[in-house]
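Notes for the one structure printed next.
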Amino acid sequence: MLQAPSSSNSGLNQGNAAPDGPPNETQPYEGLDAAAQEEIKELARTLTSQSSLLSQEKRITGTGDPNTLTAASSSSLSRSIFASDIKGVNPILLDVNDPDYDETLDPRSENFSSVRWVRNMAQICENDSDFYKPFSLGCAWKDLSASGDSADITYQGTFGNMPIKYLKMSWRCISRRLFHRTHGKSEDNDSGFQILKPMDGCINPGELLVVLGRPGAGCTTLLKSISVNTHGFKISPDTIITYNGFSNKEIKNHYRGEVVYNAESDIHIPHLTVFQTLYTVARLKTPRNRIKGVDRDTFAKHMTEVAMATYGLSHTADTKVGNDFVRGVSGGERKRVSIAEVSICGSKFQCWDNATRGLDSATALEFIKALKTQATITKSAATVAIYQCSKDAYDLFDKVCVLYDGYQIFFGPSKQAKKYFQRMGYVCPERQTTADYLTSITSPSERIKDKDMVKHGIMIPQTAYEMNQYWIQSEEYKQLQVQVNKHLDTDSSQQREQIKNAHIAKQSKRARPSSPYTVSFFLQVKYILIRDIWRIKNDPSIQLFTVLSHAAMALILGSMFYEVMLSTTTTTFYYRGAAIFFAILFNAFSSLLEIFSLYETRPITEKHKTYSLYRPSADAFASTFSDVPTKLATAVTFNIPYYFLINLKRDAGAFFFYFLINIITVFAMSHLFRCIGSVSKTLPQAMVPASVLLLAFAMYTGFAIPRVQMLGWSKWISYINPLSYLFESLMINEFHGRNFPCAQYIPSGPNYVNATGDEVTCSALGSIPGNNYVSGDDFIQTNYGYRHKNKWRSVGIGLAYIIFFLFLYLFFCEYNEGAKQNGEMLVFPHSVVKKMKKKGIVSEKKKKNQPTLSTSDAEKDVEMNNNSSATDSRFLRDSDAAIMGNDKTVAKEHYSSPSSSASQSNSFSKSDDIELSKSQAIFHWKNLCYDIPIKNGKRRILDNVDGWVKPGTLTALIGASGAGKTTLLDCLAERTTMGLITGDVFVDGRPRDQSFPRSIGYCQQQDLHLKTATVRESLRFSAYLRQADDVSIEEKDKYVEEVIEVLEMKLYADAIVGVPGEGLNVEQRKRLTIGVELAAKPKLLVFLDEPTSGLDSQTAWSTCQLMKKLASRGQAILCTIHQPSALLMQEFDRLLFLQEGGQTVYFGELGKGCKTMINYFEAHGAHKCPPDANPAEWMLEIVGAAPGTHASQDYFAIWRDSEEYREMQKELDWMERELPKRTEGSSNEEQKEFATSTLYQIKLVSYRLFHQYWRTPFYLWSKFFSTIVSELFIGFTFFKANTSLQGLQNQMLAIFMFTVVFNPILQQYLPLFVQQRELYEARERPSRTFSWKAFIVSQILVEIPWNLLAGTIAFFVYYYPVGFYRNASYANQLHERGALFWLFACAFYVYISSMGVLVISCIEIAENAANLASLFFIMSLSFCGVLATPNILPRFWIFMYRVSPLTYLIDALLSVGLANASVVCSSNELLKIVPPSGMTCSEYMEPYMQSTGTGYLLDGSSETECHFCQFSSTNDYLATVSSSYSRRWMNYGIFSAYIVFDYCAAIFLYWLVRVPKKSKKLKK
């Protein structure tokens, strides 16, 4: 609707003039038959729907009376659209003070008319068509077929079978490729299954196509195929798709923005406001040939305001879009944001996948009307897949395509479809809408055969394959072939040139003509950068936390080295190196968590790429720039305080060089981590290489192991490590040109006071005998091999890495697509699949037309009969007349009787004896209000809502999107977590007790389930924990089986829930949601929030019949519903109708045919409800619920002043007064908050969680793979380290690096915990399934065994390669110390888990929790005594050394690994001393060696030169770092106590922060 439209109105109905089918034989006139009558009705409905645009126009302009409007002719629509009163004025420069001001063109006006605005834009284009270059785009496809990458059944990957599964898949892939290469065959369709069977179609400019079919029929795949969005499945090479002469490849590469697919899910940046979201899109789609005299930003702002006004979003402009976890606009409003986003794009060919899901009936109809207006005026084309299509909406479509299990069974004019299927042999019941009738054809239990045709033995197609064959041989198919071939054969060179010129005219100056994008790369980066700045401004928590944590770490780490670094002697050599090493590491790894944010925004980037808004590389470039301020802020807050606290060289040049190097470090590593994130498909895939690189770069920086000491096989790592060059520059920067006074001479003491010259030497490396100082250049040359000439070389290398990683990151972002999603399929546990194969239910190779496991039972029976029939029979006859009679009878009941359903009849008849919990209690509420705090006060969401739900009744809760329907359910069910509730809520006149939440069933709008559980397991879990404790397991299991039977879930009862696309489909998930609540046997009532949302009409009907069935068994049901058909509406007993603001406009009986409700509104001033109108759409229209409509009066005030309201108040007063007298209160046992004991809850929840871990192989294998690779890498880096001084230091640093796996493993765990917590807090806690104690304790218990296993693996791949066992063998303690090391390794991995639970228990966002854990870990590691020994710490920080848990771990690992062995110095570690003349080395050094108690001489008898080693035992070396083997068991006990403390603190913090406290939220 919001594009620059075409000026020409010729050919508006192009393609609509197809013949009406085969000519009928001449017959005697017998009056109007049923088909003719139906045709007249169809025409009347079409004309009525077309006149709705005119009536809307009249209401807006003030002409005509909406109460007396009648159907207009089709030409009225054209006159309305192309009326001459629109002259084409500039709507952007309107001035309210201008006498010619037209408020209907001003989106900020309440009287804005989107229809007039589009007409006005059309007139502007017509006035200067050479400038605006209008064009149109249609599409035709021939032999379109698509296949998925896997079969329709697969087994679930687990920790045990995942390696074998992947090996099999790899082998299959390799062998297939080799086979095809050898035999020269195509890979297409070799493995996997066909989603779409060959089909044809054609949609011309100005047309609307509706695609109908049940979930799983292939509607989504068809839309994706014709919108060039085929990632995840393959299109057959034989397929031909053309868009006015352009191939799908050309469209994808050059004109992608003109063909757009809008997915069913609403994915947006949650922290952007509605205005910011749409304004960004408008900027990126602002054409160069826009209205003259208007700049880009003004035009984009106007288009944004028009979109918001058109779709009723103006009031939400400054509200965050939000998502399931970030509070924002309502679900219906979020769907409208998605619609507005595509409308602003102005694409000429749009594909909408279930775009009306979540919208109320009136808004959904207005959306289709808007599409119709857009198509008619702008000559665009739209294809819409709708599961629930109302009569009025269907009448607006030009063509319809019906799909059945991937087969096309009709494509043609929407007015002919009904007659086609009636001719095929299926009857349309009188009360059924055409769309519902067409969809019902694809459901064996819903469709009704023509009794006369059956009696005469006429064969009626039944299976999808038979209907497809019937379609291929029909006259309608031949007509379609003519249209498609005409489209394909038409010379389209002129149209191609027209489209090409129009595309170039829209593009900004610097955009390439062949580019599919409207604006240049520079403008894309600019606009996305602004968007990212808005996002950060709206939610700066992560950035603020990062900056503040860096500042805190600078103060902590800097003060740790403060005292020792005040000295400038040689004692600071090690600490200066350690401090610089710490600075490099901290700056380098501060960007590791950016990987998290990449995966959060990737789906949005991929969506916008398909809209041709911007290149993914532009988004990547902008995101890099948007993070620059945060990076600079963190660099300043960390490096400046840190530099001066650790007393590095006080020289301006040295300081700025230090700052420059660390800035380079930050950006080089940031780009590297972004590269890893962009090249990986999933977060676990990214974290494993990131953790390995983190470890490798840290170890091969040059501090832990100087390059001269590195093993030959691994030295190359230091050469490709950017940090090694940057560390070298910082060391040169600090040590060059400085002489450090010697702090310790060897030998020293009273006996050596008079020693001179070569008789003493400084103990530091690089010393020269006789000198009282050590040159900094000599030190770094001797120890590290660094030379001053390389100082600036490293800067160049660092900058080269930044540029290289940046371009690599942009490349991967541009060309690496996201993870593929397989075709929709059921997933079963491996054991179930084995049983199914034994029984012959599935086989390794599927036959071409074999029924799938998603096929319904009824159709399965039909197809099985077909397989056993004669092969020469094209169509099946029903073998039993009784079956056909039953079909007709059932269908009559379906559409005539309000109490039965065809689709449910069989299952209900089998399950009539199911003992559903019956309730006698009446649930009622009075004057219920709900207020939430906002910036300037409070906002009322519910305004004095009254009502009741009685046993055995079905009450509908209806209202526009955002009217407060879900909020009302949440308030009544005690599920609100903020705000103030006032009013009274009673059960039989008594206040709700604490057992109330578990005594009700609440089916949420979102189908929240544990994705790794099976359907049966989910139901049993609910039954075990929510049914009474005194009910036996056998009874609960039996009841679950009955629920499975009632809900018709037997076919997939053992299937894994999974995620949409790989698991249960939308319908199956909705049934499971209802089943989980039924399995709990709610004794009071059942709440259902949008149970029919996302379902097709037949499933929605079945769901409604299920609710009716439950009500007939005594259940009280309150159900919100968005798009009820007229048929569905009549199934409800009562209606609670809310308007915007949570205000009641009606509560009472619906009456037969909704007459009672209709009479009420008509009696209070509403215009008459047309006889064939949907009462739901009519009543939403009269209260102004649809965008662009307004109520003619205040229906809330009318309701409060009505007689019906007064009668309701009397009834409520009677209930409050009399009901407590008639019933007794609940017993103490019944009032328990939970049905089962805490211990039983912990047992079951832990059991379920253990299964989830086992069935989440990526998490476990990532954990173990990270452990194996990291520890093995450390082990072989320090392979068989000796006991020289450098070898001892290497072993100490190996132990230090052993703990570096902390961050990667913890970061893998946090998202898994968050998923568990979201499910628990959203569904299981509110329903009182189990307590918070059971939740947190089970999280703790289940992690421990896996971490013990990880610790065991780490021990074996680390302990033996490093060679610690050799030190133990010297003291004959091999087994004891090996066992001790294993205990500490296991304890450390359990500690990682305990810290993870601790930080995430009270923090919402995993990224913030990871930052906090990293902060704790760095502090613990810094103060553990390795980098800074206790003797050099300031007195203030001594307590940190004592409270750091790693102090005790490192102390224990050092002593267990190194103690009780001899030191053997290497040649360059031996100090050379010349003894006085006449003395041997032993005589000269003996006093010194006795005073220090350590050291040894290589040759004591020498009189010329002594070679002295400073240590003789590893125990002496351990003493320098305050480590002792005697404290090993004390250290183990203290470290274990820290683990226990973490777990206890996690439990306490979870209770403190996240458990709702009992408060008096409900006030009178």
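Even glycines carry a Cβ here, placed using N, Cα and C.
Within the listed segments 699-719, 804-824, 1245-1265, Swiss-Prot records transmembrane segment for the stretch 699-719. Record note: of Asn354, Asn754, Asn866, Asn1282, Swiss-Prot gives the feature N-linked glycosylation site to Asn754, with no matching annotation on the rest. Of all ranges given (1-37, 38-74, 482-518), Swiss-Prot attaches the label region 'Disordered' to 1-37. Cross-referencing 527-547, 674-694, 1115-1135 with Swiss-Prot places the feature transmembrane segment at 674-694. Looking at the stretches 1340-1360, 1529-1549, the one that Swiss-Prot records under the feature transmembrane segment is 1340-1360. Neighbour density at the Cβ, taken as the number of other Cβ atoms within 10 Å, is lowest among the binding-site residues Ala960, Ala963 for Ala960. Highest Cβ count within 10 Å among the binding-site residues Gly959, Gly962: Gly959. Annotation note: Lys965 (ATP binding site) sits in a helical segment as assigned by DSSP.
In this model, the topological domain 'Cytoplasmic' (1512-1564) carries an average pLDDT of 87. Each residue contributes its Cα atom, and for Gly959 (ATP binding site) and Asn754 (N-linked glycosylation site) those atoms are 100 Å apart.
Residues 567-573, 576, 580, 648-649, 654, 657-658, 661, 759-764, 767, 771-777, 779-780, 786-788, 790-791, 1471, 1473, 1484-1485, 1487-1488, 1491, 1508, 1510 of the same chain, all 6+ positions outside the transmembrane segment (732-752), place their C-beta atoms under 8 angstroms from a C-beta of that stretch. Secondary structure from DSSP puts Gly959 (ATP binding site) in a beta strand.
If you look at the transmembrane segment (1390-1410), the same-chain residues 6 or more away from its ends with a CB under 8 A from one of its CBs are 541-542, 545, 593, 596-597, 1301-1303, 1305-1307, 1309-1311, 1313-1314, 1317, 1336, 1339-1340, 1343-1344, 1347-1348, 1351, 1416-1417, 1445, 1449, 1535, 1538-1539, 1542-1543, 1545-1547, 1549-1550, 1552-1554.
Taking a C-beta cut-off of under 8 angstroms and a sequence separation of 6 or more, Ser961 (ATP binding site) has the following same-chain neighbours: Ser330, Gly331, Gly332, Glu333, Lys335, Arg336, Gly358, Leu359, Asp360, Thr363, His1122. The record gives Gly959, Ala960, Ser961, Gly962, Ala963, Gly964, Lys965, Thr966 for ATP. Within 8 Å of the mean position of their Cβ atoms, the other Cβ atoms in that chain belong to Ser330, Gly332, Asp360, Thr967, Leu1138, Glu1140, Gly1142. Of all Cβ atoms in the shown protein chains, 20 besides its own fall within 10 Å of the Cβ of Thr966 (ATP binding site). Asn754 (N-linked glycosylation site) carries neither a helix nor a strand DSSP state and counts as coil.
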